[in-house]
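Asks: This is the structure, below, for whatever I ask next.
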Amino acid sequence: MSEIIQDLSLEDVLGDRFGRYSKYIIQERALPDVRDGLKPVQRRILYAMYSSGNTHDKNFRKSAKTVGDVIGQYHPHGDSSVYEAMVRLSQDWKLRHVLIEMHGNNGSIDNDPPAAMRYTEAKLSLLAEELLRDINKETVSFIPNYDDTTLEPMVLPSRFPNLLVNGSTGISAGYATDIPPHNLAEVIQATLKYIDNPDITVNQLMKYIKGPDFPTGGIIQGIDGIKKAYESGKGRIIVRSKVEEETLRNGRKQLIITEIPYEVNKSSLVKRIDELRADKKVDGIVEVRDETDRTGLRIAIELKKDVNSESIKNYLYKNSDLQISYNFNMVAISDGRPKLMGIRQIIDSYLNHQIEVVANRTKFELDNAEKRMHIVEGLIKALSILDKVIELIRSSKNKRDAKENLIEVYEFTEEQAEAIVMLQLYRLTNTDIVALEGEHKELEALIKQLRHILDNHDALLNVIKEELNEIKKKFKSERLSLIEAEIEEIKIDKEVMVPSEEVILSMTRHGYIKRTSIRSFNASGVEDIGLKDGDSLLKHQEVNTQDTVLVFTNKGRYLFIPVHKLADIRWKELGQHVSQIVPIEEDEVVINVFNEKDFNTDAFYVFATQNGMIKKSTVPLFKTTRFNKPLIATKVKENDDLISVMRFEKDQLITVITNKGMSLTYNTSELSDTGLRAAGVKSINLKAEDFVVMTEGVSENDTILMATQRGSLKRISFKILQVAKRAQRGITLLKELKKNPHRIVAAHVVTGEHSQYTLYSKSNEEHGLINDIHKSEQYTNGSFIVDTDDFGEVIDMYIS
């Protein structure tokens, strides 16, 4: 064999060879493909496990066998690099959703090495199989392996956006990549929105993808950094540990760390904090303990008495990996080249891949369906002339002769003739003839559907959306990482992080609050709300997750609760008591609840108390940044209670009704705007031992429904009310009796929205229709509805 010797300069040879090497490690080793989010070794591991039947529904198999398969067929490198990649795919502190399930020691968050491959066992996770689904339907291209003995996929079908879900990290020649993991449900929702609107902005996408979602949890800060990374591919965020404070029996406090930043070595973190203690870099730490066990991660930092725990925590954030900065560098292989990509480009590349995958699969299924249709048509034709076919076959010399005769005499095709001669005798029954005709109809429908998908781009996109929704429904999980953005520090509107969604807000009279999806509400209906015995619905309305709920109590206080912080609970289930969200006193009860979309409004609230005080305050006064404690809405004096809170867009008439049957109607224009801590002015001039039972807005078309303790209901029209001035005594609405006089225990303004009433005693309740109560004159006591001897004395009434 003759040798060819080239005379080349060392500079040219080194440049050329290093260029080839760089291209190889960039494309074939260190960087993931944007379409399936996998590096070549990861793809080969998953494909080797799939093709050998090592799937989630089978038994675990020795890891060494998989490593051998990968090295022998696809990846001619050392076994350690393959095993390390395989182990990483099984580590739930590295991947948001593991792609391999592993039995045995697969390492730890302390960076302990895994057991040798001969000891551990593994199989594909259920989600990993979604990356490989339909790979046998010619959905992706295959190339020869390194020795041309078999084929391997260039990319996996990847039925979910794995690059964003599990992220990636790697270093190659001249390139590095750091893509954080995200929440699967959020990523899929953003992809669906992108399909619906390819011009969607990054800001709009961030309503669905709130930010990274690390498998180790933690707290993410820096929404500007997230937005910048999603726009350009590069950005910086802060990731800090979740730290809580506990008090020990001896009065000391300790900081408890339950979540640490992504890819931080826990044992190194504990060691670093202990070094800071030992070196007396920080004064006040007694001991650092790693209390992690099978129940979860836990690091305890015991503090000296009377030290400022907040200062120590801040010091540790600054001087240890209790807080780190994470730098986005979203580089991936796209069209065979490394590219720095924003989130829109990543989703777009993934979507184009899915369009190709679904189109290829549809073509494959269409081809198979058409081939089968051709066979079925031949079988049906043969069965229609069965006797002649049998006679022809019997007269033939052999199988080949029979096929040729069928083709020549009856014009069957080669494929149809083959199917006919292979037909078994038992298939000639009437049942199988009917089955073939049924299969023919099904194939016709399937072929029509598949052709529609191929001919109609929107139909193809709908298939992608349906399959993404299925995966979202099957594999969605709660977000692990909390995203915080303090307005003063980050300078960004927090609303960007809250997905805009219309929901149903509900509040019960006993203080149970929840938000419910409109779908759950519509499926159940108002009447099927989950309630405790004796409780009833106070209010429900459609709100947005970006709105704020103001909950007012009888103590004159209000709770400021962003809607998105309310628990998302099904309509038929019991809500969350407001005291679990914001602590309130035991004898504090909810009076009313209102939803605010924008506090920059001219609307105002009117507050009325039992002892006849009233106050007006504008809505902007109620905006706050404090969510963790009740705030003052109005000053309520001792031995008094707030009984009514109303919200008006402009001045209007209100009616006051008292226990002894007095009524005063006047306009809110008589009230001056006051601050939140003011007690207000006199609403009505009360008689001795009288008190207010109702203060509500009223208009000309309304009626008033009143209930007395003796079981009587009285309904009057608006015209009986006499508009007067504030602080007067008003008019009498009851006929005075010397013996056992009627006293009004409850009253409500009836509008067109109300149709039913409910009367309550201590042990009974009575329901009825408001329209059944006839309107009365001014000086009457109404009509008896219940017998108090049986029902008990009436103590309250609600309308709905």
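Placed from the backbone N, Cα and C atoms, the Cβ positions cover glycine too.
Feature list, courtesy of Swiss-Prot:
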- Tyr119: active site, O-(5'-phospho-DNA)-tyrosine intermediate (ACT_SITE)
- 31-495: domain 'Topo IIA-type catalytic' (DOMAIN)
- Lys39: site 'Interaction with DNA' (SITE)
- His75: site 'Interaction with DNA' (SITE)
- His77: site 'Interaction with DNA' (SITE)
- Arg88: site 'Interaction with DNA' (SITE)
- Lys94: site 'Interaction with DNA' (SITE)
- Arg118: site 'Transition state stabilizer' (SITE)
Asks: Counting all other Cβ atoms within 10 Å across every protein chain shown, which of the recorded sites His77, Arg88 scores highest?
Replies: Arg88
Asks: If you compare CA-to-CA distances from Tyr119 (active site, O-(5'-phospho-DNA)-tyrosine intermediate) to each of the recorded sites Lys39, His75, His77, Arg88, Lys94, which comes out shortest?
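Replies: Nearest by Cα distance to Tyr119 (active site, O-(5'-phospho-DNA)-tyrosine intermediate): Arg88.
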Asks: Counting all other Cβ atoms within 10 Å across every protein chain shown, which of the recorded sites Lys39, His75, Lys94, Arg118 scores highest?
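Replies: The residue with the most neighbouring Cβ atoms within 10 Å is His75.
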Asks: At the Cα level, what's the spacing in Å between His77 (site 'Interaction with DNA') and Lys39 (site 'Interaction with DNA'), rounded?
Replies: 14
Asks: Quick check: in three-state DSSP terms, what is Arg88 (site 'Interaction with DNA')?
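Replies: For Arg88 (site 'Interaction with DNA') - judged by DSSP and reduced to three states - the answer is helix.
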Asks: From the Cα of His75 (site 'Interaction with DNA') across to the Cα of Lys39 (site 'Interaction with DNA'), what is the distance in angstrom?
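Replies: Cα-Cα distance, Lys39 (site 'Interaction with DNA') to His75 (site 'Interaction with DNA'): 12 Å.
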Asks: Within 10 Å of the Cβ of Tyr119 (active site, O-(5'-phospho-DNA)-tyrosine intermediate), how many other Cβ atoms can you find? Include all protein chains, please.
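Replies: Total other Cβ atoms inside 10 Å, all chains included: 13.
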Asks: Using C-alpha atoms, which one of the recorded sites His75, Arg88, Lys94 comes nearest to Arg118 (site 'Transition state stabilizer')?
Replies: Arg88
Asks: In whole Å, how far does the CA atom of Lys94 (site 'Interaction with DNA') lie from that of Arg88 (site 'Interaction with DNA')?
Replies: 7
